[in-house]
Amino acid sequence: MVGVQICQGMTSEILFFSLQPQFSNMMNKNSRLHIDSNIRNTFFTEIGIGVSANSLLLLFNIFKFIHGQRSRLTDLPIGLLSLINLLMLLIMACIATDIFISCRRWDDIICKSLLYLYRTFRGLSLSTTCLLSVLQAIILSPRSSCLAKYKHKPPHHIFCAMLFLSVLYMFISSHLLLSIIATPNLTTNDFIHVSQSCSILPMSYLMQSMFSTLLAIRNVFLISLIVLSTWYMVALLCRHRKQTRHLQDTSLSRKASPEQRATRSILMLRSLFVLMSIFDSIVSCSRTMYLNDPTSYSIQLLVVHIYATVSPFVFMITEKHIVNYLKSMYVRVLNV
């Protein structure tokens, strides 16, 4: 799994930013994508669903904070993840208009801003998912565990961690501000095309090696934390199930605690994230083998944003107050 993530980071971490020379003719082949209305409509439908779901989840978290409800350790990261995914999808929607739809050409500032922010938000989405896994492991840890002392840490510690990650990703992605340019009106194969208006200058071998090394270190570190936290949570849940097996016939044992429901949501998200990462890596490798086939390219466009689209639904179905509110709204609509 770690190897797959490293491969993903090197080949499709920024979705379009491939460093192999054979991708220099990408837009010659992928320019046909704007003609296929099915691909375009499916992609924008996915983006629209993701934007709506993340907006709804973010609003619920804001209302919960305003009403002064007791917050859990994972509430702030969940709200931040919904905000990050929302901004990432909105930026991707802007970039997609330059991929699928012929419009006026962008200048250097627009290209640099959009692609740099998109790259940063994709990295933050990955790190926030990892942070959620670690925090859930802390919540489930028993009082005798060394992790128990972190249960009652104030939220500003989590905010500081996210701020540090933001600065780190902005630094790692800073080279894109120099290498991203508006595609010049020249017939040349030296540029790696990102969209109809934007291109990326080819990097030197040293820069490629440094960039790939940073991505590899990041992925190994984050995936290691995810694997360790997953193993820890599964071990705790198995031990808890054994201890309460004799209570299976009681109503208390049938009711999942909020911690258990939250843990299930994190485990579901992690499984989804890993599956999408593996599939994304397979599609990326197929793009390399078939010289950026437009079909593989369009599939990757859809796959790489599934996690950001589906994750808010997983969070919402595990929150009772959100489910009850949506049910009441549904009943009101039927009674109108």
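Any Cβ shown, glycine's included, is placed from N, Cα and C.
Long-range C-beta contacts of C111 (disulfide bond), restricted to its own chain and to partners at least six residues apart, with a cutoff below 8 Å, comprise I180, I181, A182, V194, S197, C198. Classification of C111 (disulfide bond) by DSSP places it within a helix. According to Swiss-Prot, the feature disulfide bond maps to C111-C198, an assignment based on sequence analysis.
Neighbour list (N185 (N-linked glycosylation site), Cβ cut-off 8 Å, at least 6 residues apart, same chain): empty. DSSP gives N185 (N-linked glycosylation site) a coil state; it is part of no helix or strand. The feature N-linked glycosylation site is assigned by Swiss-Prot to N185, with sequence analysis given as support.
Summarising the annotation, Swiss-Prot assigns topological domain 'Extracellular' to 1-42 (among others) and lists sequence analysis as the type of evidence.
Swiss-Prot lists 64-75 (among others) with the feature topological domain 'Cytoplasmic', giving sequence analysis as the kind of evidence. Averaged across the topological domain 'Cytoplasmic' (64-75), pLDDT for the predicted model comes to 74.
The annotation topological domain 'Extracellular' is assigned in Swiss-Prot to 97-120 (among others).
For 141-157 (among others), the entry in Swiss-Prot reads topological domain 'Cytoplasmic'.
Marked as topological domain 'Extracellular' by Swiss-Prot on the basis of sequence analysis: 179-213 (among others). The DSSP breakdown of the topological domain 'Extracellular' (179-213), given as helix, strand and coil counts, is 10 helix, 8 strand, 17 coil.
The feature topological domain 'Cytoplasmic' is assigned by Swiss-Prot to 235-264 (among others), with sequence analysis given as support.
Marked as topological domain 'Extracellular' by Swiss-Prot: 286-296 (among others).
For the topological domain 'Cytoplasmic' (318-336), the number of residues in each DSSP class (helix H, G, I; strand E, B; coil) is 16 helix, 0 strand, 3 coil. Here Swiss-Prot flags 318-336 (among others) as topological domain 'Cytoplasmic'.
Proximity of distant same-chain residues to the transmembrane segment (43-63), defined by a Cβ-Cβ separation under 8 Å and at least 6 residues beyond the stretch ends, is recorded for 75, 78-79, 82-83, 85-86, 89-90, 92-93, 96, 100, 298, 301-302, 305-306, 308-309, 312-313, 315-316, 319, 322, 325. The feature transmembrane segment is assigned by Swiss-Prot to 43-63 (among others), with sequence analysis given as support.
Feature annotation from Swiss-Prot assigns transmembrane segment to 76-96 (among others); the stated evidence is sequence analysis.
The transmembrane segment annotation in Swiss-Prot covers 121-140 (among others).
Marked as transmembrane segment by Swiss-Prot on the basis of sequence analysis: 158-178 (among others).
Here Swiss-Prot flags 214-234 (among others) as transmembrane segment.
Taken from Swiss-Prot, the feature transmembrane segment applies to 265-285 (among others), supported by sequence analysis.
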- Message: Please report, as numbers and ranges, the same-chain residues at least 6 past the borders of the transmembrane segment (158-178) whose CB is under 8 Å from any CB of it.
- Response: 14, 17, 73, 76-77, 80, 112, 115-116, 119-120, 123-124, 127-128, 131, 135, 200-201, 203, 207, 211, 214-215, 218
